[in-house]
Amino acid sequence: MDIESGTNRREFLKFLAASPLLGALGQVPRSDDVIASTRDALNVFDFEPVARQKLPPAHYGYLATGVDDDATLRANRAGFSRYQMRSRRLIDVSRIDTSISLLGATWNTPIVLAPVSSQRAFHPEGELAVARAARSKRHLLMLSTLTTTPIEDVNAARGEPVWFQLYPTTEWNVTRSMVKRAESAGCPVLVFTVDQIIGTNRETLRRFERQDTRDCRVCHDRTSLKTRSTRRPMFDGLELAGVDWQPPVTWEYVKRLRDATSMRLVIKGIVTREDAELAVAHGADAIVCSNHGGRAEETGRSTIESLPEVLQGAAGRVPVLVDSGFRRGTDIFTALALGATAICVGRPYVWGLAAFGQEGVDTVLDILTRELQLAMRYAGTVAIPNITRGHVVERVGGHEASARD
Ligand SMILES: Cc1cc2nc3c(=O)[nH]c(=O)nc-3n(C[C@H](O)[C@H](O)[C@H](O)COP(=O)(O)O)c2cc1C
C-alpha cells in the first residue's frame, strides 16, 4: 500500500488505528472523530481531543505539559505495561464493593480527584463543577492552593469540606493564614506538596503559548506573587508585598506545619523509600506517591514503578496513595494490588471539565469506576481488601513472557 498518497494513507491510518498492534505498543487505538457528547465517550482518553479543541492553546498547553522532553509524562503510562493482571475464575462477582476507609472516613471509591490549579482556566464553572461531580458519587476531592474559587464555596458545592493542598510561600505568616483558613472552613486534612519547591522546565507549555495569539499578560501579570495572585482567592486579604513561592523548606518545615494545625497531614510528591521513611518519622498521616503527573523533574520513572519502594518505606504505618498517569480501571487495580490505599487522577477529570463541564467530570468518574469494577470482576475480587499482591505479576523480559504463555 502506498501510504504517501492521500486516500490510501488515510485508509492505512484507519487500519492502524483499529489494529491490536497499537495496543501492544502501549498506545490506545482511537477513532479520528472528536466526540460531540459525553454519551459518545468510550474511555477517558476521548475527552482530551475535545478539551484541546475547546481550550485556548496556552491553557491546553498548561494542562498537557510535562517537563524537558516529557519523558516522565510518557513513563507514567508506559510503567503500567510492566504489570500484568492474574484473572481468577468461577467466583460469584455479581456484587462489587469499591468502598475504602482512609484517615477515619469511608469513601465509596478509591478514585480521588487530585489537586489541580486554576480550574476556571478550563471551564467557567471550574472548581464548582468539579466539586458537584465529586459530590454526586462521593469522591474525595483535594483542592489546590491555586484554586480560582474560594475554598468555602467549593466546600458548599462538595457538600462537605475538601482536603486542602498547600504550596508554601516565603512568608510563614502568609502560609499559616492559608492553613488557618482551610482549618476554619472545616477541612480535615492538609496535603503538603513537596515536589514543586523549585522551578520547572515546561517546554511543551512554552510551545503552546507561542501558538496563542491572545495577550496573556492581560490575565497573567507574572512580575510578582502579588500581581500573579489577583485571581487566587486563597490570598484574599493577605499582605503579599515581597512574598514569593519556593521557600527553602526542609523536613523541619513538616514539623512546623504539624505544630501549626490540628488537621491531619499528608505529604504529596514522595517517590523513594528513604523519603517515605522520613515522612512517617516526621509525623505524616499519609503519603501520596506522585511525580506531579510528570510536571516536576524529569526522572524518566513512573510512579507505578516507584510505588513498591514507597510502600516499603511506609511499611504499613500510614496509608499510601498514588497518582500520575492513571487512565484505566486496570491501572487502578494494579496500584491497589501493589498495596496502595487509593489512587488520584488529575488530567482525565480536567479533560472532562474542559470538554463538557460537570457532565464531563461525572462521565470520566463513571467510566473509571465502571472499568475498575470490571477489572475487579475478572480478578474475582468482590471488595477492595480482596485485591492482593497475588493479583498482579511483574512482566518477565519484555514481551517474552506473554509469548511463552
Ligand atoms: C494542570 C495541572 C495543575 C496541577 N496543579 C497542582 C496543584 O496546584 N497542586 C498539586 O499538588 N498538584 C497539582 N497538579 C498535579 C496533580 O495533583 C497530580 O499529581 C497529577 O495531575 C497526576 O497525574 P495525571 O494528571 O497524569 O493524572 C497539577 C496537575 C495538572 C495537570
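Backbone N, Cα and C define each Cβ position, glycine as well.
Here TrEMBL flags 36-397 as domain 'FMN hydroxy acid dehydrogenase'.
Residues or ranges marked as glyoxylate binding site in TrEMBL: Tyr62, Tyr167, Arg202, His292, Arg295. DSSP classifies Arg202 (glyoxylate binding site) as coil under the three-state reduction. Taking all protein chains in view, 19 other C-beta atoms sit within 10 angstroms of the C-beta of Arg202 (glyoxylate binding site).
If you take the C-beta of Ser290 (FMN binding site) and look for same-chain residues 6 or more apart in sequence within under 8 angstroms, you find Ala114, Asp195, Lys268, Gly269, Ile270, Val271, Thr303, Val322, Asp323, Ser324, Cys344. The DSSP secondary structure for Ser290 (FMN binding site) is coil. TrEMBL lists Ser144, Gln165, Thr193, Lys268, Ser290, Asp323, Ser324, Gly325, Phe326, Arg327, Gly346, Arg347 with the feature FMN binding site.
Long-range Cβ contacts of His292 (glyoxylate binding site) within its own chain (separation 6+, distance under 8 Å): Thr193, Asp195, Gln196, Gly269, Ser324. Per TrEMBL, active site, proton acceptor is recorded for His292.
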*Check each residue in the chain of Ser144 (FMN binding site) that is at least six apart in sequence and keep those whose C-beta is under 8 Å from its C-beta; list them in sequence order.*
Pro115, Val116, Ser117, Ser118, Gln165
*Between the binding-site residues Thr193, Ser324, where is the Cβ count within 10 Å the lowest?*
Thr193
*Which of the binding-site residues Tyr62, Tyr167, Arg202, Arg295 has its Cα closest in space to the Cα of Phe326 (FMN binding site)?*
Arg295
*Tell me the Cβ contacts of Arg295 (glyoxylate binding site) under 8 Å, same chain only and six or more apart in sequence, or just say none.*
Thr65, Gly66, Val67, Leu73, Gln196, Thr200, Arg202
_Neighbour-count leader, CB within 10 A, binding-site residues: Tyr62, Tyr167, Phe326, Gly346_ = Phe326
